[in-house]
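The block underneath contains the structure these notes are about, expressed in structure tokens.
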Amino acid sequence: MWIDVIAVLPEMFSSAFEYGVIGRARKKGLFTLQVHNLRDFTEDRHRQIDDAPYGGGPGMVLKPEPIFAAVRSLLRGWTKDREKVVLLTPQGKRLDQQLLVELSVLEHLILICGRYEGVDERVREQLVDEEVSIGDYVLSGGEIPAMVIVDGVVRLLEGVVGSRESLIEESFQKGLLDYPQYTRPYDFEGIKVPDILLKGDHQRVKEWREKKARERTAQLRPDLLEKWEGSRKR
Ligand code: ADE
């Protein structure tokens with residue numbers, strides 16, 4: 001997979017993907033990430049990327065020309081099932097595991113990071129395939145949301161996370177929260193590991209984990225449990 005990011009503050013990405021699972025995947029060439037400075041696509045002397053909003057009001061708006069120039073230079077002209085342009089904005093579709101899975105099957109993903117008060121509407125209308133928000137809160141720019149997407153998408157790529165099983169087992173992939181996990185020591189400050197996990201009865205461990213995952217989801221995220229039960233009935 002090839003990911004291009006268009007950012008006002010590309011420096012923010014410099015060390016974000018050098019470490020851990022994602023860093024290793026990048027070194028192994030399992031994906032390519034290129035971060036582009038929006039200012040490099042300006043043509044004026046001042047390298048201006050923003051301007052005051054028509055009609056007045058506070059703040060600045062990202063100008064259309066540099067964003068159009070950047071995206072046009074990066075697009076390969078493939079079909080939408082292989083290549084997508086995504087704008088990070090609080091107005092977008094809320095990111096969830098399902099959306100990450102959909103993005104992870106693309107061959108080419110272009111992420112545009114918004115900043116300031118907004119982005120010229122013509123970018124949204126003419127250039128962008130999907131607007132994505134990472135949650136109902138406002139950050140100072142789309143750079144961190146773009147990092148969230150890169151991390152979430154890359155770990156779904158073949159060969160990045162050790163076993164496919166650990167991905168499939170994962171809470172949000174299945175629609176339930178995780179079951180409780182324990183490791184050594186058996187007794188930590190008087191709190192012991194549940195005995196069922198020590199007996200080597202895989203079937204009973206599986207049942208216990210399912211029960212715990214359901215209990216925890218019911219308690220903390222009843223909305224998820226409802227969705228999960230609905231999907232099991234179909
Ligand atoms: N830019 C600012 N806030 C954002 C959010 N919550 N999601 C995506 N992009 C953003």
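Glycine residues also receive a Cβ, built from the backbone N, Cα and C atoms like all the rest.
TrEMBL does not curate its annotations; it predicts them automatically.
Keep in mind that this is a model prediction, so the values were computed, not measured.
The S-adenosyl-L-methionine site in TrEMBL is built from Ile134, Gly135, Asp136, Tyr137, Val138, Leu139 plus one of Gly114, Gly159, namely Gly114. Highlighted here are the binding-site residues (Ile134, Gly135, Asp136) whose C-beta falls below 6 Å from ligand 1: Ile134, Gly135, in sequence order. Between the candidate binding-site residues, Gly114, Gly135, the densest Cβ environment within 10 Å is the one around Gly114. The S-adenosyl-L-methionine site is set by Gly114, Ile134, Gly135, Asp136, Tyr137, Val138, Leu139; from the centre of their CB atoms, other residues of the chain with a CB within 8 Å are Pro90, Ser133, Pro145.
The C-beta environment of Tyr137 (S-adenosyl-L-methionine binding site), restricted to residues of the same chain at least 6 apart in sequence and closer than 8 Å, consists of Pro90. Reduced to three states, the DSSP call for Gly135 (S-adenosyl-L-methionine binding site) is coil.
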